[in-house]
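First comes the structure, then the notes that go with it.
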Amino acid sequence: MGNTTSCCVSSSPKLRRNAHSRLESYRPDTDLSREDTGCNLQHISDRENIDDLNMEFNPSDHPRASTIFLSKSQTDVREKRKSLFINHHPPGQTSRKYSSCSTIFLDDSTVSQPNLKYTIKCVALAIYYHIKNRDPDGRMLLDIFDENLHPLSKSEVPPDYDKHNPEQKQIYRFVRTLFSAAQLTAECAIVTLVYLERLLTYAEIDICPANWKRIVLGAILLASKVWDDQAVWNVDYCQILKDITVEDMNELERQFLELLQFNINVPSSVYAKYYFDLRSLAEANNLSFPLEPLSRERAHKLEAISRLCEDKYKDLRKPMRKRSASADNLILPRWSPAIIS
């Protein structure tokens, strides 16, 4: 017991179609000494930087990479615009409010405090485009996300559960139910979408009718624990989804983290990119955020906030200032000629 080393290796996520090559099981070498195996363990920070080259093209890690959901929605957006042009729909059917000299319309959604209802609608729309415009050839399907193997309710799963794409309203109701019961914030919804796209990229899988509920559930579960100050426990989700067990939730969370390679970091630049891309998605699909006329109270509040930011900016610039002389009253020293005799 004192001179032997034991290692517990967790089982990798089971695959249904292709072998998962990103996660390699640990194989101890009997020829290595204890010094070679114990002192040269890889640090977790080194493991996170393995795919630095691929990270530049991963939208959930790099702020300059385009989000996947926005690119998947472009085809449908172009078709909608084309149909509107062909059918000669008048622009008056879409009621939009525009600011004028007398009235200014603003929405209450900002990057730091997004509107909860419309953020969930945008996230549900992004998930809808992920499912609708997925790879037609079909990629591998992990058992842990298969709703037939791990049902969320005791009701019988229909035999064609993996054939029909869910509607946007169905996805919205599912996400809204979880957010309302767990009292999650709008920021958590954006982080949920970041984790979802990171999972699809890292694990090289597609979200489809057979697995979308459990993938979304795992992303919400992880985002609520990472982002919110008052994290929701797994047993709380079991009270929301009455027929799911705590063991199933624990296994879902464990394998989700494993497939993310334990990379739960969301930089502020990536978060801001997803927020503004969601706004672009909403505008392209006529899902506008609620606009309200600018009131006097809100104008004073915005003025106070801007003045506070301006004062902070001035305080930061003060140590950097250098005194300089004006050229108007510039007096140069005059040298009197010296007589050398």
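Just so you know, glycine gets a Cβ as well, placed from its N, Cα and C.
These features come from Swiss-Prot:
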DOMAIN    143-265  domain 'Cyclin N-terminal'
LIPID     G2  N-myristoyl glycine
MOD_RES   S21  phosphoserine
MOD_RES   S33  phosphoserine
MOD_RES   T37  phosphothreonine
MOD_RES   T67  phosphothreonine
MOD_RES   S71  phosphoserine
MOD_RES   S73  phosphoserine
MOD_RES   T75  phosphothreonine
MOD_RES   S100  phosphoserine
MOD_RES   S102  phosphoserine
MOD_RES   S280  phosphoserine
MOD_RES   S288  phosphoserine
MOD_RES   S324  phosphoserine
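Shown here: features listed in Swiss-Prot, placed on the structure.
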{"residue": "T67", "record": "phosphothreonine", "DSSP (3 states)": "coil"}
{"residue": "S73", "record": "phosphoserine", "DSSP (3 states)": "helix"}
{"residue": "S280", "record": "phosphoserine", "DSSP (3 states)": "helix"}
{"residue": "S288", "record": "phosphoserine", "DSSP (3 states)": "coil"}
Sparsest-packed among the modified residues, when each Cβ's other Cβ atoms within 10 Å are tallied, from T67, S73, T75, S280, S288: T75
Rounded to the nearest Å - Cα separation of T75 (phosphothreonine) and T67 (phosphothreonine): 15
Candidate nearest S288 (phosphoserine) in space, where candidates are the modified residues T67, S71, S73, S280 and distance is Cα-Cα: S280
Cβ neighbours within the same chain of S71 (phosphoserine) - under 8 Å, at least six residues apart: none
Alpha-carbon distance [S73 (phosphoserine); T67 (phosphothreonine)] in Å: 10
Cα separation, S280 (phosphoserine) to S73 (phosphoserine) (Å, whole number): 11
